[in-house]
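Some features that Swiss-Prot has for this protein:
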| type | residues | note |
| --- | --- | --- |
| DOMAIN | 8-242 | domain 'ABC transporter' |
| BINDING | 42, 43, 44, 45, 46, 47, 48, 49 | ATP binding site |
């Protein structure tokens, strides 16, 4: 297939974890626009985390196809294509493999046999981009959860990916650390033209996105821009999603527009 504007395409993808189990994904089709921030949202059991597993090859489709840069992903080409995709998981403690920060960032580069001089340069550049270079010699237990997630992002950036997947990467952070991490992701996306895919149950995080896919019971429930999705905010509550605080307040005030950021709410008040 030919779609120059999409980096990842799901075409009629179905998936079940066991042959005698019900399908977790049912005939799912969507496009991930290149260079944009796509948020895939849904409650627990909606299928969103399974999508992430299929994208990085932890699981394989039962039927349908997944395309990466117009190439159908197969067993023969997967490892080559997978190198373009980085992922940051939910629990920062489960991602740290190095004894100190700089060794953790270097780990993936060692696996790719990157020469030592280039490795040193890439590690320093990646840590500088996430404001963690001064902590390059810190042990993991000296870092906060937000700082550990910054190191996880640095580890991904050092590999020069085209796509970064955030799989519930902010869910264990406090509100300030969460917002700081989202601000960092926005900066990284802008500076490197990286495609961001955030997998989340938090609609507040989806407000950051250019493109939103809402999953429910293994199917695509809604898809569109953040404005288009939140203009039908009440429908989202019927599938178990909690509306972001600014939208709740906006509705309580009787205003017409459903989509409203925190900054927009302050302006209205």
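Keep in mind that glycine also has a Cβ here, set from the backbone N, Cα and C atoms.
Just so it is clear, the model here is predicted, and its values are computed rather than measured.
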Position of peak Cβ density within 10 Å, selected from the binding-site residues 42, 45, 47: 42
Secondary structure at residue 47 (ATP binding site), reduced by DSSP to three states: coil
Binding-site residues: 43, 48 - member with fewest neighbouring CB atoms within 10 Å: 43
Close in space, distant in sequence - residue 46 (ATP binding site), Cβ under 8 Å, 6 or more apart: 215, 216, 217, 218, 239
The one of 44, 49 whose CB sees the fewest other CB atoms within 10 Å, among these binding-site residues: 44
